[in-house]
């Protein structure tokens, strides 16, 4: 027992000693491995630190950073020049500064317009009907009549309004529409009321607000009850609401169909009720290209599916998805569909229903006769229109509401992608310039391409031998770094050809930087009209020219016809063979009025064919932005009894002397506005100019062939003791006559001398205006002048 225990104890002792020895050896190996690994990591960190320091202080990096700063400065200057406004929008010029509405939205900037016609196929916008109102509204009313600003200014922040439906009660129109809440980013149903056939609208508020998205508020009457069937696809069902207190209080009446239908309507035809809608939730369903039909003996259901469902499951451009209320004309039923081919809601299409039974359905497309705008983003519906509700009034005339958008769907994302690509291209341009100038020796340093350049152990070397990626990367870097030498060998910066290449590449970089800035900070590129009290209007553009200035005229018409509020362009042709209207690239009608006598008085000649109250007298050699034009029009609408323009003059001194705008700016005041770029009231201005009191002044204008604008200022001042002129500061102005050499007043000194004589003679006839003057900063409506 004792020997056994000793042996056992001895054995145990030997085993313990051996185990301790192995454990100590493993610990020493593990500690050594940890120490070597720590040293390797330290070496790697030191190498990376050295590379970073060498990069920061390298000539190539300094060149790269310097040129990026240079291009960035150019981009900031471009942004300041083009996108910063030298004025503030007042609450009359748009949404108030405190409003949360009208935020840029990826779904678009939809608004709503009103149209009239003798039939559903002869619809014209409200501005074509020449609707006039008192001084509290526009002259004439122009589309759009309901916008996000309309609702936001009424206290209901909205990003856009769309999907309009009319409900007619006698002479009162109710407009139901989708409004995207700016705070919740959810679709609600808004409602407005009009008592003047849609010219102006009173915003009543939100008619329906649920916890899910609502749109397409199809409103109809059944057995004396008013129902609304909005899209509730997010809820997964088609719900029918009944009015408790029309138009703002509604209650859920019933769920019609347990399917997530979109853009649905109900129509009574041939003794049956038919429900049209699209279900995009099914497998294999083509979004915006699917249409289904149900039928019932009552709009309250129950509903049975059509035998041929789905009626359509085709391309989204066909017009399968509904785009508004169906209508009956001459006994025929027409369905409104939307073409979503180019972008969502690109346009509406009209289909004549030829067969509608429980077993069959057939329809054919017919033209709507709607003329699309060619003004691009400057038009409220220049990019797309996807919803139409047309109804016949008790008078027999037809009225319609249609939504429209100036930009395609997803425009903000599209601009972000293009802007990012432009900035990325600028960095490439900087690298190319660095290569050509020798500041960038290599594209990628070779020591960046190795995993580890320090001491390696056998295990690490073995793993690197097995992995050939590092060597392949180094070979690629070596080949890439040969490019600068090859490029510099072919393009030598010291030669004229090399300098030209550098200049071109540098200019390309500037263009790319400006393009990137425009995509990021320039918005959707639209130069929109400015509403006054929620209403828009239009004006007539009038210019006077002759055959030697045809090049100016073509550029003039092409540019200004695309301004949002321009209704028509009138060309007063004083001399030579006039061009044809078809020779001019215009998006609005151009009327060439040929005069018998070459007289500057023709500028203010009475013209009963002018259909707007406002006329913009604008010389054919003046180019300025549409935004400046729209801004000046908004100011004139607030002061229609004044001459509102962009060229101020200050008449003073003894004797009176005509001076340029620099003199007026130096004295910070003005008392005259040149009508070479000014808004006037056509009736007020033309009648004053052709009155018997102005006869002597007109004779002087013909004698000097000058001073017609000076005469109009005297006539205005002579008729009123209050302010008669108003200055609007333009962002930029270009005189195109300097590029053609056909300026009417080539000798400035002689021109100014003649005008000084006009001042003296007009003062003798009509009284001096030297005692009048207004300061540039004297306005109280928020414009920074």
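Backbone N, Cα and C atoms are what each Cβ position is placed from, and that goes for glycine too.
Values in this document were obtained by computation on a predicted structure and should not be read as measured data.
Checked against TrEMBL, the range among 394-415, 416-437, 438-459 recorded as transmembrane segment is 416-437. Of all ranges given (52-81, 82-111), TrEMBL attaches the label transmembrane segment to 52-81. Remote same-chain residues near the transmembrane segment (500-521) are listed as 67, 71-72, 74-76, 78-79, 82-83, 415-416, 418-420, 422-423, 425-426, 429-430, 432-433, 436-437, 491, 493 (criterion: CB distance under 8 Å, separation of at least six residues from the stretch ends).
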